[in-house]
Amino acid sequence: MTALKAIRPIPEFPLQGILPKEETEAAAFLKKYPNYDGRNTIIAILDTGVDPGAAGLQITSDGKPKVIEIVDCSGSGDIPTTTIVKPTDNEDGDRVITGLTGRKLRLSKHWKNPTGEYRLGLKRAYDLFPEDLKGRIKKERLEEFQKKHFALVAKVQEEQAAFLKAHPTLSDEEQRTKADFAARLDVLKDNLKNFSDPGPVYDCVVFHDGSVWRAVVDAKEDGDLRDAPALTNYKTERKYATFSNQDKCNYSVNIYDDGNMLSIVVIAGSHGTHVAAITAANHPDEPALNGVAPGAQIISIKIGDSRLGSIETQHALTRAVQVIVDNKCDLANMSYGEATSFPNIGRFVELIREEAVGRHGCIFVSSAGNAGPGMSTVGSPGGTSAGMVGVGAYQSQAMQQAEYALFESVPERPYTWSSRGPTTDGHVGVSFYAPGAAITSIPEYELSKFQRMNGTSMSSPNACGCIALILSGLKGENKSYTPYRVHRALVNASKDIQDQFRVGFLQVDKTFEHLLTYHAYDEQDVDYDIQISERDNARGIYLREWEECNKAHTLTVKVEPKFMKDLDYNKPDINEKKLTFECRMALVATESWIRVPEFLFMNGALRMFEIKVDPTQLTAGLVHFAEIQAFDTACPARGPVFSIYVTVAKPIELTTQSYIQFENIQFGPGHIERRLIRVPEGATHAEAVIRSSSGATNAQLAAKFTVHLTQLVPQQRYDYTKQGYMLRLGKGSFGEAGGEEQSEVKRFAVHSGLTMELCMAQYWDSPGAHSVTAELTFHGIQVNGQSAGTRSVFINGADHITRFYVSAPIRREEGLSPSITLDTLRRVIRPTESTIKPLVADRDSLPNSRLMYNIILSYPFKVETTGKESMNVTPRFPSLNHLLYDSPVEVLVIISDVNNKVVGYGDVYIKRFKLPKGEYTLRLQLRHESEETLEKFRHLPGEFDFALAKSQTLEVSGSWPDALVGKKTAFPGVLERGELRAAYVVSSTEYPKGAKPGDLLVGEWKWGLPKLDRAPLWRAIYAIPPEQIPTKEETVDLEEEVNVARQLAEQVRDAQVSWLKKSGTAYKTDKDKEAAAVARKELIAQLEAAGHGKHLPFMLAQLDVAVALAESAEEADKEKHWKEVLAASDKITQSIDQAALAQYFGLKPAPAHGKAEAEQKKVKKEKEEAKSALVSALKARSVALVALKEDAEEAYNLLSQWSEGTGVTDWKSVGVYLERERKQGRNGLALQRVNSWLSEQGGGTREGAGNIKSALAVRRELLRELKWDLWEEYELSWDGIRLPKAPATF
């Protein structure tokens, strides 16, 4: 085929845009100073972890190792290695140990191990692998597994066909064999249907070679460790390995606690590798692909917990600070963050600010967040914390070309989604912007070298690399610096991009020149703590609510210089620096509505002065921003030494009671419009309508629009109240010339009286001009009465009828149809166990060497469902939930079943777990350096929400008298504005299974209105009252003469029988057991002599004792005891007229009344007791015959008749059935029954945990006997997961 002639010359690919450096002046800086490329700097990457095998992450530009330390701070790769064994020699002369999987492990003769001791551990690969890798491997393994499985199915089908061909006519026994073939095929079908890949399960071996601890992983799962790499802590030798060529997942190790804990470090995702590559990748063969600072070295700190899908945890963050300090990091980048309720506080924030930055001089760079464009959406730590460099995301023309393949260029500006300030305490939030996207290296397991990612996660490492260039230059020029000096220079030298909040764009060369030019000014090494007294000591001034925006404020500003602390904790802090410090400042307000003093003389002490902020003449509905800047009068050219930020988000009042419109707002690519509205008092919800239409003659391009509606509730995360919508305006025929108007309607809850920001933005990459009209209509349905919190009503079920008053304060509300739906059972559970212990010093010490403690609280709970259904369970700890960066206490949760199998992990965020019926334990770990603080949590209650299979509905009546007599009277469908009406909620008389007095039912008070997004209009909480006392039925008692002496004798007999029943298991020591045996023998003789030999409870007690003694007997005595069981069971069966019993249960008794009914009930009770005793005896007999290896067929058949066939569900009886089928070679039927029984157990009970272990063992035996190696290996792989030796570690 002839190539088409190019219409235009084909240009070179714009490589400069795939990892932007020109926009920040980084490229120009490197041309000017090629040796200041980050060399001699160490950068910590706090993220998902860095893959040392990824492209560009092997060596620095000057030949040093690139990744010099790799640490998993999350603990997700931890493996206890406390099991110690010594090897034996096999027939080949190899040293062999048995791993925890049961595999024989052959050891290398070349390993040095002076003690000869090896420590064992076990880890499931899927507990290590990142989620996307896990998905790929599962898919590939399933395809391979299915091939083998269907080959096995074909083999069984061939065997079935051969059997049927050889037996054209089937006897009864052959019919059972035919059924067995069918069962085998059914089992295989069900097995594949329920297939859940356990993944590779690795044996791990740890030993000390005389110098260092080493770890070996059986990554091939073949037990041959002779060629497996024996790794030591990564920092020592900087070696890593790969699990397999299939997964291409690299790992390294660290060993803690004197060999008791192995940490296999595996990245939790590709994010951290991409971040590290932006910062410092070095590609010697193609330098255009380099990261910003190719000469820098990397410390990989994994804070993303693989157990939680890579979310960061508090204990990982705390550990990360120590790693930063220990490795003397010059810089740290953290492209992680969350919304926060309390800015600038929390353990991690304080450790970074005071220790890593304020004492050890590390410059901490962090992403501002991707929750924009709304105001106050910056995340913690980067956007909300002092001492950190918070970075927003910006896009340029080069990035548009190289990374986004846009057909039409758009203006350069911050990304639409980049979070904006101010923080809730008034700080601007973002230090500066940097390029927010890159195409660069990703981990090898992704099977690709490079990938594009965007976000402030990318702008932060770009900025961090830029700062590394600057530090490299300062070190090369022998210029001292502090984080405070560098941070201020970065801000002052940034480029003006006309940002609404005066945030600039990072400039490397100008910052470096700034630092060199003004290096002699020591004042730059001081930071300033700003506090506004009347604003709860906020760092800035943020006026947002109606009252504060409509009056003038005289405010007291406190300014205190903050000096770098000495590395030596024993030296007095900074006294000499305070004594010599002096700075004469001029104060300047950037807007005329702020008045400030002209000068401020600063020394080492706290200074206070007053300012006046008068927002009364500012335009309502808009945002107004200003700074109070302090300049050093000795050198004003270097820019402000500190700034006080002032934001006034002045709301507009509605011109009508409930409606406001913003008409024909004009938008272009990336354009943002904000409107501030005062939500009317009494409003509970709102309707937003976004309208757009093309012109009569002009078509418009479809464009993405972001709409945010946000209110700030004091000390509550912004994401709890923010409503965010992504709309596509001008789509389809709406964009055609003369097309119909497009209207998008959204409904959501609001907070009465608080200012709402309506923020609309045309997405940065959507070309074309658009005109948009926004309308807001507010509604209010207020409910007054018993309250359980904000917009929650509380109903005491004991009140029978609860009165509430309902009003419509905003407007006429129509179409009301109230009802209360309760769909959740909430139970408060106290911990049954709690232990406080110190943690391990080599991993959990703070920078000041103080050791961390932890308390572990255990909460047992039960899931009750019908059949094999699962239930959603949501544990809550309200005082701890949703506080991550702003919490002083670290939180982690593990839920496990009765055999210690982990069924879920959790942290501070409320999480729902889907669990089958059974008993479980939630273990809550809290960590803090104060043992005394943890002691306060010892009895912390937990709230457990159980989703109901069927919700309950409470009637809402409009009439008290009608509600009282059960007459249904609907609440009015219309409420006029200002009208107040009573509503009556009638308590329920029926409650869900398992509900107990004091439990709560939780749900929603619905109004028959369109559903709101996210939060319901009103929540309802219902307290379950004390149980009803059953109405005593009127019955006629049989008149019998009372014999007091006989009554006394019977009560004595019953007490003796009760002791007898328990005596087989009640005593633990040999001495007590012998005494019990003597007493038991005497008691049995005494009761038989007294004529109670045929008393059923007495015979059953003897049977229970016989079974208990047989089960616990030594092997030599078991036969004797099982024969005693047979004798005891025979005694019962012989005492019962089975024919008469069968006849009784086969007939339906005729209705009777009076004495005849009483007599009938008495007979029924006697017959049911006899049947129960007979079944118990037959079960015991069947079990005894199996134990004695005698034929149990007849006994089991009889048991089946009385227990409805294989409906016998206790494991002992199932065991009899299994023995019968296995003896006849019908392993398919046996396996089917085992699977069915295990499925019925769900998560299991504590009492039945041992039986589950036994059933799993029998299943493995059956698979082995069937020669189904594929499924036997599957079960063996699951064994270490289902039946761990000990509870999972935190």
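Just so it is clear, glycine is given a Cβ too, placed from its N, Cα and C backbone atoms.
What TrEMBL annotates here:
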ACT_SITE  Asp47  active site, charge relay system
ACT_SITE  His271  active site, charge relay system
ACT_SITE  Ser457  active site, charge relay system
DOMAIN    38-499  domain 'Peptidase S8/S53'
DOMAIN    527-648  domain 'Tripeptidyl-peptidase II first Ig-like'
DOMAIN    667-766  domain 'Tripeptidyl-peptidase II galactose-binding'
DOMAIN    812-987  domain 'Tripeptidyl peptidase II second Ig-like'
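Each residue contributes its Cα atom, and for His271 (active site, charge relay system) and Asp47 (active site, charge relay system) those atoms are 7 Å apart.
Cβ neighbours within 10 Å of Ser457 (active site, charge relay system), excluding its own Cβ and spanning all shown chains: 27. As a summary of secondary structure, the domain 'Tripeptidyl-peptidase II galactose-binding' (667-766) carries 7 helix, 48 strand, 45 coil according to DSSP. Reported as a whole number, the C-alpha separation between Ser457 (active site, charge relay system) and Asp47 (active site, charge relay system) equals 10 Å.
With the fewest other Cβ atoms inside 10 Å of its Cβ, the least crowded of the active-site residues Asp47, His271 in this structure is His271.
In this model, the domain 'Peptidase S8/S53' (38-499) carries an average pLDDT of 96. In terms of DSSP helix, strand and coil, the domain 'Tripeptidyl-peptidase II first Ig-like' (527-648) has 16 helix, 59 strand, 47 coil.
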